[in-house]
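Asks: Let me give you the structure first, and then I'll get to my questions.
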Amino acid sequence: MENASTVKEFILLGFSENQGVQKIFFVMFLFFYMIILAGNLLIVITVISSQRLNSPMYFFLCYLSFVDICYSSVTAPKMIADFLVENKTISFVGCIGQLFGVHFFGCTEIFILTVMAYDRYVAICRPLHYTTLMTRRVCGQMVIGSWVGGFLHSIVQTLLTTQLPFCGPKKIDHYFCDVHPLLQLACTNTYTVGIIVVANSGMITLSCFIILVLSYVVILVSLKSQTSEGRYKALSTCGSHITVVILFFGPCTFIYIRPSSNLSEDKSVAVFYTVITPMLNPLIYTLRNGEVKSAMRKLWSRKVESENGK
């Protein structure tokens, strides 16, 4: 890798070269990132500390929030800091590390969202077998499988990219290092690598999306035989998950299931799954979930009582 590449650092062009616009973006994305950290951390703390939120659904939600924190932290801090500096450089090693992190946490999130859909399917379509099918051990194995799957996917993407020679230019028309922008900078024919990269990402995204769609088709069909109260409760728990799936899978599918042709367009879409979705996830899951809101209020009450008792 070092023998083939003469480039030791890359320049991230970001969103705009206008200083005024960059200052606005700095304030805006710093605010978004603070919401991501606060919202997702609050969900993690609430699920861990609440005895009522011990079902598999909240177990997976806790891990989803943790992955969201990690996922956004791979790109957001660097992007926010770059709004304040003129020279937006990133080392070759740092760039590859960012590429690995984006695909590792992004793919892990895809798998966890798919596992959450399966959990809803079992809960609604096979309620009598739910406790035997979704044991703590099975849930743990599903989460571990999601992490392992994300790691394997990311390793493939990273190894394919690091084998390419980079000898200039070194300007990346993006706000973070991703596969498609780096393929365009490689000083060799990247057609075959590009096909493998798209096939790798596309296969995972498409297969998980198909599983998700099938899960909810079966769920919707099964709801016909339930009471109106049962339908409302099932749809309220599924509604949050469907919203998150659309917000996350839509942009991801657009970016990774086809060869990239317009990087300026790609980086605008990438904001949705690297910043917007991790920011909205806590709001979506808490606003539509009475149990989570109740657990948060109890957690806050305990905190206030402990402070007053000091």
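Note: Cβ is positioned from N, Cα and C throughout, glycine not excepted.
TrEMBL entries are annotated by machine, without manual review.
Below are the features I grabbed from TrEMBL:
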DOMAIN    39-285  domain 'G-protein coupled receptors family 1 profile'
TRANSMEM  24-45  transmembrane segment
TRANSMEM  57-76  transmembrane segment
TRANSMEM  96-118  transmembrane segment
TRANSMEM  138-156  transmembrane segment
TRANSMEM  191-223  transmembrane segment
TRANSMEM  235-257  transmembrane segment
TRANSMEM  269-287  transmembrane segment
Asks: Against which stretches of its own chain does the transmembrane segment (269-287) lie, if we need a Cβ under 8 Å and a gap of at least six residues from its ends?
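Replies: Sequence-distant neighbours of the transmembrane segment (269-287): 29, 32-33, 35-36, 39-40, 42-43, 61, 64-65, 68-69, 71-72, 75-76, 102, 106, 174-176, 178, 240, 243-244, 247-248, 250-252, 254-255, 293, 296.
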Asks: For the transmembrane segment (96-118), find every same-chain residue at least 6 residues outside the stretch whose CB is under 8 Å from a CB in it, and list them.
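Replies: Those are 57, 60-61, 63-64, 67-68, 70-71, 74-75, 78, 90, 142-143, 145-147, 149-151, 153-155, 157-158, 161-162, 176-179, 182, 201, 204-205, 208, 211-212, 215-216, 241, 244-245, 248-249, 252, 273-274, in sequence order.
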Asks: Restricting attention to the domain 'G-protein coupled receptors family 1 profile' (39-285), give the mean pLDDT.
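Replies: Averaged over the domain 'G-protein coupled receptors family 1 profile' (39-285), per-residue pLDDT gives 88.
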Asks: Which bits of the chain, at least 6 residues beyond where the transmembrane segment (235-257) starts or stops, bring a Cβ under 8 A of a Cβ in it?
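Replies: Distal contacts: 57, 106, 109-110, 113, 116-117, 120, 123-124, 180, 198, 201-202, 205-206, 208-209, 212, 216, 219, 223, 266, 269-270, 272-273, 276-277, 280-281, 284-285, 288-289.
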